[in-house]
Each structure stands twice: as structure tokens, then as C-alpha cells.
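K.L.:
Right, I'll just put the structure down here and ask away after.
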């Protein structure tokens, strides 16, 4: 089919390109067709003035149908966006930043208190200095942080990390949830826990210990003590004087008390024997002891043209009903339609001349003082903003993004090194590269991350999580500060050497070791008590004695043999056995004059 000839013009463009341009220019007020406003603009949707954008605050910027920027130096971008207090920023359809220094980024996001930051569709930051990042995430507590879809931080100074995580105790960091979480579609996530991995060994009193330190503790106990695959301690087993047991300081203390008492008793033993000098014999006993420390497929093939349809080159083909037209010129490489008149109706084709006019208007719009687009792809929106570097983005009064691929969102936000990101009023990402999210958050160490209002990560490769948290040592994660420490809740048992250990693991280990230590002490005490003293009658040279004892639920049976090797010298040996078949042996000698 031949191409339809119209008035002389320029090549046509797609309806999608034209629609995009029309949608953008629909933001302009009615007067903009004649003259662009030099330093600000008010968006217009219905073109009757009923939903004009309003920028009533000093140095404020509003763009989008019915958007309102009523606070000083406030910025509202998007249909229905609201920035109602000083230094507030609202970006996205119906996003709202209600109190001073608040920032809301995302459709229906809400930053409701001073210094709060909400990033993500339907995200809500309802506490002073609260920070929330993630779709439908929520923070109710002051100085609290929630990161991840559907995450919740409901108490003051708390942090919820990861999708569906819930922090419901003050001054804690949660990486899971002890309760079910239901999303807007009715999907239910059961309670769960996460491991914290790649944890460096703790060196200070308030540091988290990792599994490697836990295993080192087990190794120090000896006796084949270890940590199994589930993260639980396998208690040690020691053999002392033939008795197998777990042994720690408490066990030694109990044994020492009884051995000391026995030595005192044996030392004062009267070995007076008929026929032997009646003078008191002093016995010296040496008792050995060992201590162990312990896609959408639409448009890929027309629904009206089957995959088996034969098409001829340099031809046009209509689909059934005339709803699809296929141009096959140039062996399918594409066909240029020339002499297309300027489209008038919504369903008319637009030509390149119309598109060029639109592009010129857009460039003029974005460089009118509200937003500027640089040649290298940088975007700067707001008063006093700076975006220097390829693909740099700065939005908010006095925001500064100076470096390739930097992002600065919020009044006074600064991202000053390649790849750095600063989100929130006054947020500072000033290292190479660093990430700062939250009101006045500062990330000044290389590769550091600060998340939460007033959080500071000043050391290299450090992370500060939560309002006011300070990370001042390299390669550390801080969840608080001196005097403002937080617990880390919902920690799964560690299984690798660099995993965090939770309280259940530590308590189970301590209790198991204590129980075995008590058993050892009771068994050893019963054996020591069961070894009897031997008396040799007049005229005899040797004697034997049998004894029994019970202590702490353990019974023991003992036997001893003594012999006079001369008039003044006597030797003795004894042994005892307790439950479990372990044998204890004792020897002694005495000399009298």
C-alpha cells in the first residue's frame, strides 16, 4: 500500500514520545505558553486554576497538580505533594512532609514529625527524628529507624533492619520479628529470625561477640569442648584421678575445700600403735590436682497478526479489524513516513517538528530556576542547589551533589565524593564513597554508612545504625553511643565463626558447664571421703580397711592398705571408686621418732 501524502513536513514520531511531552508541559500554568516564569513555577492539571501548584513559603518550590510548598525553603514535587513547614521536602504523588526539616520521598509517603525522613511508597515516619526506608515501612518511636519493606520500629531509640523486621523494645536493634506481619495484599509473614554475619571480634565491653570468639572459649576449656553446627556448646569432658567430668573454677573450689579438710585431718591423725613409740606421728600427704581452664509480552507479536503470517518486503499489512499496521520496507529495518502534517487530535500522529518544539520548551522549563539538567546528566532542583558531576542529582534548598553519580536529597543535604548518597535535611555524605540517611546524619569515613537522625559514622568502613548512633572505630557497626546503648533483638543462633552469638546460646552453654562441674565436684568429694584410715594392731606389721561415703547424689567405696616397714616408718596406699566406675588412688608415708 502506498504511503498517504499530506502537507510537506518532517518525519513522524511515536505517539508515546508525544504523550510524554504533553504530560510534562501540562505542569505549566496557562500563562507559560506565552512566557516562562524566570525563578519558579506552579503546576496546573485541570487548566481552570482550581488545582494550581502553590509555593507560598519564602524560597519555596512546588511542582505538580495541587502540590503545596507552604513552608520557608520548602520543596513539593508531585501531584498532591505537601511540604508545610520550613526546610521540608516532599517528592512523589501525595507525599507529605509536615514538620520542620522533615523529608518524604515516594508516593503517599509521610514524614510527620520534626527531623523525620520517610523514603518509599506508603512509608511513614511518625516520630521526632525518625528514619524509615522501604515500601509501607513504619516508625512510631522517637529517634528510631526502620529499613526494609513492611519493617516497623514502634519504640523510642529502636532500629528495625530488613523486610518485615519489627523493633518493639526501646534501645534495641531487631533483624527479625517475634510476631506475624501482614501486608496490604493480605500476605502473612510468620515470625522469623536472621543471622548477623561478618561480625568482627568484639574488643570492648559493649561489643557483640562472634562465633569464633565463642569457639575460642570452648577451646580454652579443653576436654574436647566445641560448638556444634546448631551453634550450641558441646560440653568438655576431663579425666582427673580417673574420674571423667566437665571442670571449671567452681568445681575446683569445691574439691579444694574437701581436700584441704582431709589433709588437715590426716596431718593430725594419731598413729599411735601398740609397741610403737607413743609420740604423735605427723602424716604428710601429697594430693595431686590438675586445673583445667576450662515481562509483559505485549508488542512482541501483534495479537492480530499470527506468528505464521507471511509478509512481503516493501509492503504494508493490516491485521484483522484494521487495528494493526505492519510496514515491511527495507527488509523490516524500519520505514520513515515523510510529509506528515502536525497532529491536532489526540489520535493523530505527531511530527518531529512538534517534538522539537516540545524539547525546547522542556529545556527552558528545567533551566528556569526550578530544575536544571546538565550536559553530563546531572539534575539540580530547588533554590541554591548544586549538582556537579556526571549523573549527579541534587534536590532541596541548598542541597549539594558534587561528584559523579552522587545523590543529595533534602534541604542542606551534601554528597561530596563520587558515588556518595545523602538523604534527609542536613544529611552529610562527605567521604569516598559514603552513605548518610536521616536528618543531620553524617558519614565522614571512607565507605562508611550512617542511618538515622544525627547518626555519625566517622571511621573507615564503619556503620552507625539508629538515631544518635556513633561509629568511631574502623570496621565496626554501632547501634548506639556511650550512655545510649541499644540491644540487638531477634538474633538467630550463630553458626559460623564471624556470626553473632545470642543470649540463649551463652546461657545454655553456661548452664551445661555448671551442671557437669557440680557432678564432678560431688563425685570427687565422695571418692575422697571414702578412702579409710588403717590402724595396725600390736604385734602386726600390716593392716587393711574399707570405707564408704556419699555426697551430692554420688556414692563411693574405698579401700586402704598400710604396712610398717621398720620401727619408725609406715607406708599406706588407698583407692576409691564412685558412680561411673572411675578410680581414685592415694598414697602416703609417715616417720616417727
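The backbone N, Cα and C atoms fix where each Cβ goes, and this holds for glycine too.
Please treat TrEMBL annotations as automatic predictions, because they have not gone through curation.
What you see is a predicted model, and the numbers here were worked out from it, not measured in a lab.
TrEMBL lists 69-95, 99-123, 140-165, 387-413, 431-455, 457-481 with the feature domain 'Trimeric autotransporter adhesin YadA-like head'. Positions annotated as domain 'Trimeric autotransporter adhesin YadA-like stalk' by TrEMBL: 195-226, 337-369, 487-520.
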K.L.:
What counts of helix, strand and coil residues does DSSP assign across the domain 'Trimeric autotransporter adhesin YadA-like head' (387-413)?
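P.N.:
Secondary-structure breakdown of the domain 'Trimeric autotransporter adhesin YadA-like head' (387-413): 0 helix, 11 strand, 16 coil.
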K.L.:
Using DSSP, how many residues in the domain 'Trimeric autotransporter adhesin YadA-like head' (99-123) fall into helix, strand and coil?
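P.N.:
Once the DSSP states are binned, the domain 'Trimeric autotransporter adhesin YadA-like head' (99-123) shows 0 helix, 8 strand, 17 coil.
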K.L.:
Which bits of the chain, at least 6 residues beyond where the domain 'Trimeric autotransporter adhesin YadA-like head' (387-413) starts or stops, bring a Cβ under 8 A of a Cβ in it?
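P.N.:
Contacts of the domain 'Trimeric autotransporter adhesin YadA-like head' (387-413) (Cβ under 8 Å, skipping residues fewer than 6 from its ends): 59, 61, 73-75, 77, 87-89, 91, 101, 103, 105, 117, 372, 374, 376-381, 419-429, 439.
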K.L.:
For the domain 'Trimeric autotransporter adhesin YadA-like head' (140-165), which stretch among 69-95, 195-226, 431-455, 457-481, 487-520 has the most Cβ pairs under 8 A?
P.N.:
457-481
K.L.:
So which of 99-123, 195-226, 487-520 has the most C-beta pairs under 8 Å when paired with the domain 'Trimeric autotransporter adhesin YadA-like head' (431-455)?
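P.N.:
Selected stretch: 99-123, with the most Cβ pairs under 8 Å.
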K.L.:
From the DSSP assignment alone, can you count helix, strand and coil residues within the domain 'Trimeric autotransporter adhesin YadA-like head' (431-455)?
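P.N.:
Here the numbers are 0 helix, 8 strand, 17 coil.
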K.L.:
Report, as numbers and ranges, which residues of the same chain sit near the domain 'Trimeric autotransporter adhesin YadA-like head' (99-123): CB under 8 Å and 6 or more residues beyond its ends.
P.N.:
71, 78, 85-93, 129-139, 142, 149, 184, 396, 409-411, 423-426, 437-440, 453
K.L.:
What counts of helix, strand and coil residues does DSSP assign across the domain 'Trimeric autotransporter adhesin YadA-like head' (457-481)?
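P.N.:
When I sort the residues of the domain 'Trimeric autotransporter adhesin YadA-like head' (457-481) into the three classes, I find 0 helix, 9 strand, 16 coil.
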K.L.:
Report the DSSP secondary-structure composition of the domain 'Trimeric autotransporter adhesin YadA-like head' (140-165) as helix, strand and coil residue counts.
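P.N.:
The breakdown for the domain 'Trimeric autotransporter adhesin YadA-like head' (140-165) reads 0 helix, 8 strand, 18 coil.
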